[in-house]
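Asks: Structure below; questions to follow.
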Amino acid sequence: MTDATSGSDPDSTTPVDLTGEDFRDPDALRRRAGVSGDPNFDQHFLIDDRVLDRIPTYLLDSTDTTHILEIGAGTGALTDRLLAVGDTVTVIERDATLAAFLREEFAVMIDDGRLNIIEGDALEVTLPAFTTCISNLPYGISSEILFELLPADCPLIVMVQREFGERMAADPGTDAYGRLSVSAQHYATVEVVETVPPTAFAPEPAVDSALIRAEPRDPDYTVTDETFFLRFVKAVFTQRRKTVRNAIRNTAHISMLDTPDAVVNAADEALLSQRAGDLTPSEFAELATIAAEKGK
């Protein structure tokens, strides 16, 4: 769980080197596609060549790039870079016009079997098997998509709203730490590797963006019922200003506990006296295990 570094040095994390590669110009791609973007549909095209070139360099040396998944390919500016580092790339694009453009623009790569185009909404189509996902995600559905991707146990490098990314990576005891932090860090070690200004996009979004890297991890705890664990975390954080003791009692209707008092009686006082924002994912897992055994 590492905090943001604006424009951090990619060479410190990976040997990926795109020097000398001749990539398609993002502005030229937009002109050929005949699109300008639509903020009402979360359509902001990443047009800064420097940012686009850096994105693949945040891959760790150990990352398997056999099959890269990209969600929201747009005009293909990032797709072009991903084809330089991946054996096969599959993109999901919901805009029919853009999907048709991608099939024409990258026809050679498609014919060579290196690029697959899936036309549809990423939340509705069946996600293909992949070894890593690198995407500029539609911000309005970032959370839903990420919690489809994180359980796949594959590395992710994704662009999200800066505030959202910082919440994912936040440490216990900080203002940004919350349900999103615990849930994301249950699956992965999350790091904000770069912050990106609105000027890197066209049209410009109203907020800063952030690139996050999520590396799958094996938790130092065991959760027997993952669905209940995530629901319990959600419930307790709805009363983050209360002590955990009171939060468990007051949110039994959310966590679906029948006997919350039994949970409180069985739990460690050192945990019950804290607030949700101070508990680590491991401590939440300890409480959730007790809740599942004593409260249901």
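All residue numbers here begin at 1 and follow the chain in the order shown.
Backbone N, Cα and C atoms are what each Cβ position is placed from, and that goes for glycine too.
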Asks: Say Swiss-Prot lists His44, Leu46, Glu93, Asp121, Asn136 as binding S-adenosyl-L-methionine: which of Gly34, Gly72, Gly76 is in the same site, per that record?
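Replies: Of Gly34, Gly72, Gly76, Gly72 joins His44, Leu46, Glu93, Asp121, Asn136 in the S-adenosyl-L-methionine site that Swiss-Prot records.
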Asks: Counting only residues 6+ apart in the same chain, whose Cβ is under 8 Å from the Cβ of Glu93 (S-adenosyl-L-methionine binding site)?
Replies: Gly72, Ala73, Gly74, Ala99, Leu102, Ile117, Ile118, Glu119
Asks: If you run the three-state DSSP split on His44 (S-adenosyl-L-methionine binding site), which class comes out?
Replies: coil
Asks: Tell me the coarse DSSP state (helix, strand, coil) of Asp121 (S-adenosyl-L-methionine binding site).
Replies: coil
Asks: Checking the spread of the S-adenosyl-L-methionine site as listed (His44, Leu46, Gly72, Glu93, Asp121, Asn136): what is the longest Cα-Cα distance, in whole Å?
Replies: 20
